[in-house]
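In what follows, a structure is listed as structure tokens, so that the remarks can point back to it.
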Amino acid sequence: MASPRRNASHGEAARSDSSPTYTPATPRSRFAAEFSPEAFDEPGAGEAPSAKESVTATVRFRPLSSREIRQGEEIAWYADGETIVRSEHNPNIAYAYDRVFGPTTTTQQVYDVAAQHVVGGAMQGINGTIFAYGVTSSGKTHTMHGDQRSPGIIPLAVKDAFGIIQETLNREFLLRVSYLEIYNEVVNDLLNPAGKNLRIREDLQGTFVEGIKEEVVLSPTHVLSLIAAGEEHRHIGSTNFNLLSSRSHTIFTLTVESSPFCESNEGETVTFSQLNLIDLAGSESSRAETTGARRKEGSYINKSLLTLGTVISKLTDGKATHVPFRNSKLTRLLQSSLSGQGRVSLICTVTPASSNSEETHNTLKFAHRSKHIEIQALQNKIIDEKSLIKKYQSEIRQLREELEQLKRGIFTATPLKDVTEDNIILWKQKVILFLLSHLMLYGFVVFHFIYHA
Ligand SMILES: Nc1ncnc2c1ncn2[C@@H]1O[C@H](COP(=O)(O)OP(=O)(O)OP(=O)(O)O)[C@@H](O)[C@H]1O
């Protein structure tokens with residue numbers, strides 16, 4: 001087995017840029033935006049646009065699996081420093097990315113570089129999309145979902161989002177989630193087993209899935225339990241490359257609304273954004289010996305990933321007049337993310353194994369092309385009537401008033417002759433029951449009291 005060449009210096013990599021595929025890496029500081037409460041004062045949609053950003057493209061190597069080691073697999077591609085991937089067999093073939101993660105990198109390290117700025121942006125009203133792309137068994141689900149020992153980007157993002165809420169004392173947030181899969185070009189709701197074959201619609205704000213269930217969420221544990229329940233419905237199958245292969249693309253969406261925290265929120269603008277966390281199904285190798293249902297799934301997966309590739313090529317081409325977003329459900333749903341607004345992070349997962357060398361090369365070329373899509377990180381602001389947070393805030397105000405009236409009823413009413421100690425206790429219980437029923441009805445109220453009471 002050939003050993004990977006390790007930690008070659010950046011200078012070394014830069015000297016070999018005679019390769020036609022080499023382009024300089026993007027400095028990290030350009031995209032690693034820190035979260036700051038002042039960021040809410042940035043210009044919003046319709047105002048002066050912010051500087052163009054490009055898609056953050058990173059590559060994550062997984063280690064050789066024990067099966068691959070047993071089979072005597074050799075290393076075909078390796079991380080040459082922090083930003084270059086190089087071919088073991090042809091050192092002139094090298095690609096540069098925003099960051100390359102070697103096989104020992106933890107998902108937390110991947111998160112810090114490839115996801116944190118997108119999650120931070122979403123909490124400030126900037127749409128964000130993070131997706132894992134790669135061939136089957138390259139580590140997409142490991143990266144996006146992870147497990148107890150090594151939580152993936154999705155649980156880390158959820159934890160981060162709630163952490164940001166706790167640190168942002170001057171704003172109120174309302175979070176809701178939805179979770180869907182695209183299986184054989186059919187959109188299914190993973191949070192609602194009855195929600196099958198849902199339609200994709202369009203309005204002025206972009207594409208959306210009609211009738212998808214959205215749950216208001218109150219804590220990281222709440223979100224993770226919803227995801228776990230959703231996972232039960234996801235299509236997973238065994239292929240000869242992966243015992244637990246994802247046979248569908250999944251999109252987990254965290255919708256964030258926030259507004260300044262003050263007694264009367266009348267007239268305050270609400271920021272609104274969506275964070276899409278996507279675990280793509282793996283592109284199927286031509287060597288996969290699949291039959292029946294697996295083969296049908298594989299051809300749908302390959303077709304939609306091919307369309308994604310075409311869309312990305314057209315977007316980076318500059319001269320393309322037509323971008324075929326409508327050719328697959330996946331690209332239709334990603335249309336607004338890819339066509340200009342919000343932050344996008346593409347994490348390409350690859351195996352170093354020589355038996356996958358060809359497919360890995362395709363993934364590397366895809367990631368390299370994606371880096372050239374230009375996007376703008378605009379902050380979305382919405383008008384009051386459309387905002388769920390405004391609706392809940394006004395209900396809280398109304399509840400407060402009703403509570404005041406009830407209190408006044410108990411404590412200022414002239415004592416009647418037949419008012420006993422038992423009657424007063426009964427009245428108090430009624431007040432508590434009244435409050436509890438409203439609290440349960442609107443999780444947001446609980447949220448409000450936890451973070452701002
Ligand atoms: N970075 C990593 N470190 C250690 N093990 C990894 C890493 N990435 C993936 N693995 C392991 O490799 C196997 C395949 O990974 P995973 O299921 O995430 O692949 P996938 O790309 O999602 O595949 P598919 O497209 O078939 O669903 C799993 O056993 C996983 O635990």
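Heads up, the Cβ atoms here are built off N, Cα and C, so glycines get one too.
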Message = If I go by TrEMBL, the feature coiled coil sits on one of 130-164, 200-234, 305-339, 375-409. Which?
response = 375-409
Remark   = Among binding-site residues Val135, Thr136, Ser137, Ser138, close to ligand 1 by Cβ (under 6 Å) are Thr136, Ser137, Ser138
Task = Give, as a single whole number between 0 and 100, the mean pLDDT over the domain 'Kinesin motor' (54-373).
result = 87
Note = Cβ atoms other than its own within 10 Å of the Cβ of Gly139 (ATP binding site), all chains, total 22
Message = Under DSSP, is Val135 (ATP binding site) part of a helix or a strand, or is it coil?
response = strand
Key: Neighbourhood of Gly134 (ATP binding site), C-beta criterion under 8 angstroms, separation at least six   = Lys140, Leu280, Gly282, Ser283, Cys348, Thr349, Val350, Thr363
